[in-house]
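The structure appears right after this line, and notes come after that.
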Amino acid sequence: MINFQESVTFQDVAVDFTAEEWQLLDCTERTLYWDVMLENYRNLISVGCPINKTKVILKVEQGQEPWMVEGVNLHQSSPESDCPLVDEPRKHRESKDNFLKSVLLTFNKILTMERIHHYNMSTSLNPMRKKSCKSFEKRLPPHLDLLNYNRSYTGENAYECRECGKAFKKKFHFIRHEKNHTRKKPFECSDCGKAYSRKAHLVTHQKIHNGERPFVCNDCGKAFMHKAQLVVHQRLHTGEKPYECSQCGKTFTWNSSFNQHVKSHTLEKSFECEECGKTFRYSSSLYKHSRFHTGEKPYQCIICGKAFGNTSVLVTHQRIHTGEKPYGCIECGKAFIKKSHLLRHQITHTGEKPYECNRCGKAFSQKSNLIVHQKIHT
């Protein structure tokens, strides 16, 4: 066990500066000095360190300044009164910075000594507690509370996450960030039971149930649940094409069309089908594709006996028998067996037309409509 009383003295944690430096401190800094010195003294007494009161402590307890400033009365030197402001020469600014740094170091020393003392007392009463460091730390006074008080004087981020080390200036932002680690979702929808980590997300979700659509297009009157949906829809009226391909310069109205186009430049297709010439990026994709030519269907439905060329198609087919519709529209609640069916349905809400004719630029919401249109050009 560490001999705590022999290893710590008041001088180890005292904040020392000259009378000249004291005269340069402003009201807030002098008040902070009072708090620190008295707190140091009380903390050392509380952990059993025998300390003789120094002249500085006696003066501070009596409401006097450690160093008298010429021309200033005693009653003007208390923390509650207005401190005399002295012009601060540039060469003395470093002294004030060093003072604040020493305050922070002092608080850290006190905190460390208190933890050592409490740990020694705890383990002497119950030696088995040495094996449970984590559980012991949880019973200690919060480390952040004291440090955050100090950081408020230096402008540092006060609230630090113990999980990832990210720091925040505001407690509200810190609490919100912590939920990312704990996965807490306290905001639950009373209609469907779905939970969210933020109240704003719950409010947005509840618009599905009450049918609220506050964002209205000024051109055609169509209403939308989210502002982002309105912005995308308005491109139909303005003709805006914000997505430009850096490879060929072609522009697109919809992000989905743009992403699909970019793949034509970036995807390397090294596996070619000997039957139809279609290329694939992976050999496994080519192997699955070849079943269309051979007619091979190794995956059979156990309910109706229908066979399929790959497992994904079989799984989708079986939903016809089970009635499962896992893909639900957040706008109207309608559910679908296939994800592609959901995506096609959602276009009716957004007004998006991702299928664009290469000849004339006319866009369509359904690919089948584009195919029919292209026959005009051929």
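Glycine is treated like the rest: Cβ placed from N, Cα and C.
As annotated by Swiss-Prot, domain 'KRAB' applies to 8-79.
The feature zinc finger is assigned by Swiss-Prot to 159-181 (among others).
Residues or ranges marked as zinc finger in Swiss-Prot (evidence: sequence analysis): 187-209 (among others). Secondary structure counts, DSSP: the zinc finger (187-209) has 11 helix, 4 strand, 8 coil.
Residues 204, 207-208, 253-254, 331, 349-353 of the same chain lie 6+ residues outside the zinc finger (215-237) yet bring a C-beta within less than 8 angstroms of a C-beta in it. Annotation source Swiss-Prot lists zinc finger at 215-237 (among others).
Listed by sequence, the residues of this chain that lie at least six past the ends of the zinc finger (243-265) yet keep a Cβ under 8 A from its Cβ atoms are 232, 235-236, 352-356, 363. Taken from Swiss-Prot, the feature zinc finger covers 243-265 (among others).
What Swiss-Prot records for 271-293 (among others) is zinc finger, and it gives sequence analysis as the kind of evidence. Long-range contacts of the zinc finger (271-293) within the same chain: residues 309-310, each at least 6 residues beyond the stretch ends and with a Cβ under 8 Å from a Cβ of the stretch.
With a threshold of 8 Å between CB atoms, the same-chain residues lying at least 6 positions outside the zinc finger (299-321) that come near it are 288, 291-292, 337-338. According to Swiss-Prot, the feature zinc finger maps to 299-321 (among others).
Across the zinc finger (327-349), mean pLDDT in this model comes to 84. Per Swiss-Prot, the feature zinc finger maps to 327-349 (among others); the stated evidence is sequence analysis.
Counting only same-chain residues 6+ beyond the ends of the zinc finger (355-377), those with a CB under 8 A from a CB of the stretch are 252-253, 257, 344, 347-348. The zinc finger annotation in Swiss-Prot covers 355-377 (among others).
Residue counts for the zinc finger (215-237) under DSSP, split into helix (H, G, I), strand (E, B) and coil, are 10 helix, 4 strand, 9 coil.
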